[in-house]
Each structure stands twice: as structure tokens, then as C-alpha cells.
Amino acid sequence: MLGSIACSMEFEDFDLYSYFYGLVKQIPEGYVTTYGDLAQALGDPIAARAVGYMLSINEDPDTIPCYRVVLHDGTVGNYTHPLGPMEKVRRLRADGIPVVDGMIENFDRYRFRDFKTDQPLRKMQQYQEYIARKYSESGAGEFRTVAAFDVSYEERRAFASMVIQDGSTIEAYVISDGINFPYIPGYLAFREFRFIKKLYRKADLLLIDGNGILHPRFAGLATHAGVLLDRASIGVAKHLTRSTRHQDIIYMQDRPVGVMIRKNMIVSPGNFIDVNGSADTVRKMWNDRYPWPLKLAHQLSTRHAETGGRVSEYSIESAHELH
């Protein structure tokens, strides 16, 4: 069984970019691998699209040989180089790999899969299963103070905001930092929780842009944050993940996990609250059909991302202007 403290610290600032580029460096000269093979080496096939993204932003192609990554059928595919696929073919042939009409001949002979890896995404799945077991649907008291969190991005930089509402008092905070984890469906907590933790101030309820138990392993960002910070939490998402729906109740594996309040607002409990309680709580915060603290947090993070962080602080008055 994974220890909660050890795993939390291991994954909190996990640099998946560096780990991934280390895998690419393992591909020997004279061999190729596929996007799917690299995703498997990371620990989950769902990471294949993220693999493509990380390859596309590789800033050191001479040291990190991304040209040795091809499509599943041996098609050479694209290459982020001024000369495009032509340069990729040239480099592959220089490695001794036969390429004819954009395809690698005898593909299986040149395919490399023997990565030395501890499959970090698989370990993260196990940790999420641990988090899910810690979720409680009861235990919350009165929500006097609400802290809403949102993260926006500009290239490989994140701008994370927190808005705390305590009655008529509003406080707003924004931080910025580099991103060390790409977007991979089901793993948002490992990308964004570290920002939430840095921003966190004691509050009765955490309102988070993301899912709670509406998650393949019942441990979305809101549940992850609620469990680790030991606070009641609710996730509010704009898009519905794979699930089934009966009227407005959302189910996963026959378990109620959320409520579709409207088309682009899906609410799920994160911690210390149940499905109906989370929906009722969010409805009480509606302003223009969206929970106001989270709307403001989104506006703050977005404005910082759009200006490259040149907006450095907000007064209560400017926060009201955004509202």
C-alpha cells in the first residue's frame, strides 16, 4: 500500500516533461518507437496525445531524438523542423533505418519498446485510488468562507488564482510558475494541485475548476485537493467526462457522482459533501448562471495569462469591477 505522505510529496512537483524526454533519449540509434509505446512507458495509453505535444515542443532535438518517434503503423509522420518530414526521413536513414514512401520497411525489426521505466502514471493511478478511498460524503459544517481556485495557461506558464469570500469581504491572490506536467485526461490533479496548495488559505469550502469524484478513479482535482487539505470541496467543470446520465444526475459505474446543473456546468462533490449537497451549494452561489467566486477566480487567472502576468494585484474594488 502506498503511503499517503510519501506519495503526495513524490508526485506533488513531479516533472513529467523531464521524465518523458529521458525516455526518448533511451531510443537507440538505428531504432524507432511509437507515440503509443512511449505512452505505455509512462504508464497509461491515454497519454499518447500528450506524448505528441511534448515531442512538438522539444527544444533540444539533437540531444532528445524525437525524430525516432513514428506512427503506430511505421508511417514517419510529422516533424517540427523547418524542413518537416523530409528532415525526419533524412535523419532516420542516417541512422540506418530504411524508409520508402514515408514508411519504415520491416517496421517491427526496428521498433524499440524496451524502455527502462517505473511507469509513473500507473503509480499515480494507484495514488488516486488511495485518495478516492479517503473521500467522505459527510462532515462539512457551515460554509462561512469559500475559496475558489482557477488556473489559466500561457504556453508553458501557469497563472493560478484564488478568491476568498467571507461574507461581504473578498480577497484575491494570483501566483505564476512554470508547468512541469502536460494535460493528460484523468491526471489534472498532478498538474494543478501544487498551485492550489501554494495559494491555499484556511477556508470552510474549496470551490475548484475541475471534477471531484466524477473521475475514472473517483479522484479528480477537487477530491485530491479536499482530501489532502482536509477541507470540504466541490468541483465545477464545463465539460462532461465519460459517464452516463439519467435526467440531471451523472453516474459512473452505477454510482451517482455529479449533477449537470446546465449544459456547461457539471458539479461533483470533492470531499466532506455528497452529490445533492454539492449541487445545492453551488446553486446558492449562482450569478449569471455560474458560481460567482469561481467566475471571479477564472477572470483573474485569465487576465493574468492574457497579459503575461503584467497585472500584479487586485484591490477589492477592482475585483468588484471584474464581477
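Note that the numbers count up from 1, one per residue, in the order the chain is shown.
Just so it is clear, glycine is given a Cβ too, placed from its N, Cα and C backbone atoms.
Now, the feature entries from Swiss-Prot:
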type     : residues   : note
ACT_SITE : C66        : active site
BINDING  : D150, D209 : Mg(2+) binding site
REGION   : 1-91       : region 'Probable methylated-DNA--protein-cysteine methyltransferase'
REGION   : 92-323     : region 'Endonuclease V'
SITE     : Y183       : site 'Interaction with target DNA'
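Locations of recorded Swiss-Prot features on the structure.
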residue : record                             : contacts (Cβ under 8 Å, 6+ apart)
C66     : active site                        : V24, L55, N58, Y79, T80
D150    : Mg(2+) binding site                : A160, S161, D209, L294, A297, H298, L300, S301, T302
Y183    : site 'Interaction with target DNA' : A50, R191
Per DSSP (three-state), C66 (active site) is helix
Could you break down the residues of the region 'Probable methylated-DNA--protein-cysteine methyltransferase' (1-91) into DSSP helix, strand and coil, giving a count for each?
-> 49 helix, 6 strand, 36 coil
